[in-house]
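Visitor: Okay, here's the structure, questions in a sec.
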Protein chains: 2
Amino acid sequence: MTQLQIARKGKVSKEMRAAAMHEPVSAAQLRKLIAGGKAVIPANAKHKGLKPIAIGQGLRTKVNANLGTSPLNASAKKELEKMKVAVKYGADTVMDLSIGGNIDAVRKAILRKATVPVGTVPIYQAFFGKRIRDVTEDNMFSAIEKHCSDGIDFITVHSGVSRKALPLVKKRLAGAVSRGGSLLLKWIACNGKENPLYKNFDYVLEIAKKNDVTLSLGDGLRPGCIKDATDSAQLQELRILGKLGKRAKKKGVQAMIEGPGHIPLNEIERNVKMQKRLCNNAPFYVLGPIVTDVAPGYDHITSAIGGALAAYHGADFLCYVTPSEHLSLPSVQDVKEGVIAARIAGHAADIAKGLEAARQWDDNVSSARKKLDWKKTFELVIDKEKAKAYRKRSKVKGRECTMCGEYCALKGL
Amino acid sequence: MTQLQIARKGKVSKEMRAAAMHEPVSAAQLRKLIAGGKAVIPANAKHKGLKPIAIGQGLRTKVNANLGTSPLNASAKKELEKMKVAVKYGADTVMDLSIGGNIDAVRKAILRKATVPVGTVPIYQAFFGKRIRDVTEDNMFSAIEKHCSDGIDFITVHSGVSRKALPLVKKRLAGAVSRGGSLLLKWIACNGKENPLYKNFDYVLEIAKKNDVTLSLGDGLRPGCIKDATDSAQLQELRILGKLGKRAKKKGVQAMIEGPGHIPLNEIERNVKMQKRLCNNAPFYVLGPIVTDVAPGYDHITSAIGGALAAYHGADFLCYVTPSEHLSLPSVQDVKEGVIAARIAGHAADIAKGLEAARQWDDNVSSARKKLDWKKTFELVIDKEKAKAYRKRSKVKGRECTMCGEYCALKGL
């Protein structure tokens, strides 16, 4: 049985109990959220060593870190190192988006080591090494089946991409920038057929249900620049995703909905609220949103701005964006910076949403800071190594820092 | 005559004409904003080589970079280097907050080289090298006079700090974290007298008026942690600042109001709107706001989140925060990162506010990106060196990047 089916029967699973321990809700309340499709626990029965977490309404904002090889950068070892760093700095899940080297081996190595839920986009593998026109429907479903039976906890399926989207995407400045969405659109255009993940969505549900794999209904048409934000292609897909989410829920399959993308600041609240309305409050998983196109090299910052605002308005799950977005595959350092920026965004939103545990963290840091107790401060902050290095660099001997020296405002009063 | 007096007479100055060229308003419209106290042009008649800019309602969001020595770090050369980098990456103004070494020499060197408006906090110098109890009222006003006659374009005066604030500040977790505010509170506590900058505000106005120095009415009681946000100390001072702003306007002295500080995401809109209401829509100059206390080393990010939201809701001027905030005096690299983060925040807000020129920048970048025209992209982005370095690092030969390689979504469709 899936967590959704268990919840619907009024039962609290051990996964719900474990996940609720880190949340502002009880296990019983979490069960209700899951039964209503407002929260998910991505936990494949075959993923050994997994520490279950929940994603959804009113819960702590979660952060995902994307890992994965590319044809030009295909070391499994490097990706494992990235996972370690990502989890250390607070990633709640990782996704293996490998499209280079031995894809199966990388995925299995990540799954073996991961205590956090692992997600993938199986159709990448279906398209791997083939000409787009040669990919068969069977290739796609086989990839999905393989990932699900390997123990993957959640998979992105771009089931909202349909033939009807083609003319809408052609009107755009940046077209389709989702890797999966663009592959499927090209496949549709080549073969003149409908997207199999859309047409045969029931089959997707059947496979996912077997091992309780959570579906992440992908936004293959997410806007790739500010000009394309909240356009007809994006909204047409969102409406489809809402309907597919309903079908998943009916069949007892856990589902979340993916969202944009590049969105200007003033449209973020509207985007989140529209998603929640059209998708019956299913968990919302956003990439960014990135609030300006002009800052490649700094998209961990452009997305932290958008992500904080999105999470405050109700997005439940933030996919990190690293400084190397739009430029290259991230390095280990990029992964670290991406995770920390997304964690800052999620945490800032959790404070704003009134999560007491989130607020307590800040108060603890500030109490230590007020006392100029550096040891305690370093223990508590998001990145003790960086904070320590900054202080060390200044070679100061007193308790104050080099910003104000003896004029330190924290001393006295 | 000050720009405010000129504007009130219905005249358009050459400074207004020059400043309006970079704004979405005409010189005549800018004149109206200045006459109404809704915009300022910080331009000391004695500052040679200044390119005037305007700060205020409906204008492009401006960014300030703080420079300045500290007792433990007092190289004038280093501060000039920081200014160069700050202006290169888009700082609209700089403030010299020196409290170490030869303060007069550093200020004069910065003024000589600066084509952007330069601000200071004169009372730092009044307190420099003295015991707090020994500082006289005359020391404070002499410092103000010296900075104004040197050619400084805007000065922070913490005239809103009053004796009444002492018990309110004592209730706080972090107390007073503004360097100037804390010095004045200590002075008040030592001497049992009222803050001279509050008591003799008319004298401050008289000095400022002489060279048309714009007053930045400092928030000496800005909250220094999330717990102290929007508290009675902050609000009591804001009400005073509103009244002082009115008095400045009446006397023909240009003024802006400084604001917080550490503020949770959900209180930012309220803070900005309250300031605008209590201060008759005077330009609002915010430091951050920083939306969480837990991320020293990343406060350029915590403040970019808060700054973007504040600017979207009406803040006009963002003081940058660097990664070294709370830890040490910033390095040249920190200055660069701080300016870029604040610029991203201001620009994201300008897009959201509907400034056409801001949006056009994004569209230009995205057009180049869609074509995988890297040369053009690099020319347009906020930091071409960093973007180039990321691409170079990946040693890719084709037009795509190492994120997706041959599966690049931008190719085709």
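Cβ atoms here come from the backbone N, Cα and C positions, even for glycine.
Sequence annotations record features per position, and here TrEMBL assigns substrate binding site to B:N66, B:M95, B:Y124, B:H158, B:S178, B:R179, B:G180, B:D219, B:G220, B:L221, B:R222, B:E258, B:Y285. TrEMBL lists B:H262, B:H326 with the feature Zn(2+) binding site. Annotated [4Fe-4S] cluster binding site per TrEMBL: B:C401, B:C404, B:C408, in sequence order.
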Visitor: Between B:G220 (substrate binding site) and B:H262 (Zn(2+) binding site), how far is it from one CA atom to the other, in Å?
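Guide: Here the two Cα atoms lie 13 Å apart.
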Visitor: Got a sec? Which of these binding-site residues, B:G180, B:G220, has the most Cβ atoms within 10 Å?
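Guide: The residue with the most neighbouring Cβ atoms within 10 Å is B:G220.
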Visitor: If one measures from the C-alpha of B:C408 ([4Fe-4S] cluster binding site) to the C-alpha of B:G180 (substrate binding site), what distance in angstrom results, rounded to a whole number?
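Guide: Per the Cα atoms, B:C408 ([4Fe-4S] cluster binding site) and B:G180 (substrate binding site) stand 53 Å apart.
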Visitor: What subset of the binding-site residues B:N66, B:G180, B:G220, B:Y285, B:C401 has a Cβ sitting under 8 Å from a Cβ of chain A?
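Guide: Listed binding-site residues passing the 8 Å Cβ cut to A: B:C401.
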Visitor: Measure from the Cα of B:S178 (substrate binding site) to the Cα of every one of the binding-site residues B:H262, B:C401, B:C404, then give the nearest.
Guide: B:H262
Visitor: Give me the non-local Cβ neighbours of B:H326 (Zn(2+) binding site): same chain, 6+ apart in sequence, Cβ-Cβ under 8 Å, ordered along the sequence.
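Guide: The answer is B:P296, B:D299.
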Visitor: Quick one: of B:N66, B:G180, B:R222, B:Y285, B:C401, B:C404, which binding-site residues lie within 10 angstroms of B:H262 (Zn(2+) binding site), measuring between C-alpha atoms? Sequence order, please.
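Guide: Of B:N66, B:G180, B:R222, B:Y285, B:C401, B:C404, within range: B:R222.
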Visitor: With DSSP assignments reduced to helix, strand and coil, which class does B:H326 (Zn(2+) binding site) get?
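Guide: For B:H326 (Zn(2+) binding site) - judged by DSSP and reduced to three states - the answer is coil.
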Visitor: Within 10 Å of the Cβ of B:Y285 (substrate binding site), how many other Cβ atoms can you find? Include all protein chains, please.
Guide: 27
Visitor: Taking DSSP as the reference, which of helix, strand or coil describes B:R222 (substrate binding site)?
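Guide: Assignment for B:R222 (substrate binding site) reads coil.
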Visitor: Per DSSP, B:Y124 (substrate binding site) is which: helix, strand or coil?
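Guide: Its secondary structure by DSSP: helix.
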Visitor: C-alpha of B:G180 (substrate binding site) to C-alpha of B:C401 ([4Fe-4S] cluster binding site): distance in Å?
Guide: 49
Visitor: Determine the C-alpha span of the substrate site listed in the record, that is the greatest distance between any two of B:N66, B:M95, B:Y124, B:H158, B:S178, B:R179, B:G180, B:D219, B:G220, B:L221, B:R222, B:E258, B:Y285, in Å to the nearest whole number.
Guide: 20
Visitor: What does DSSP call B:Y285 (substrate binding site) in the simple three-state scheme?
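Guide: Assignment for B:Y285 (substrate binding site) reads strand.
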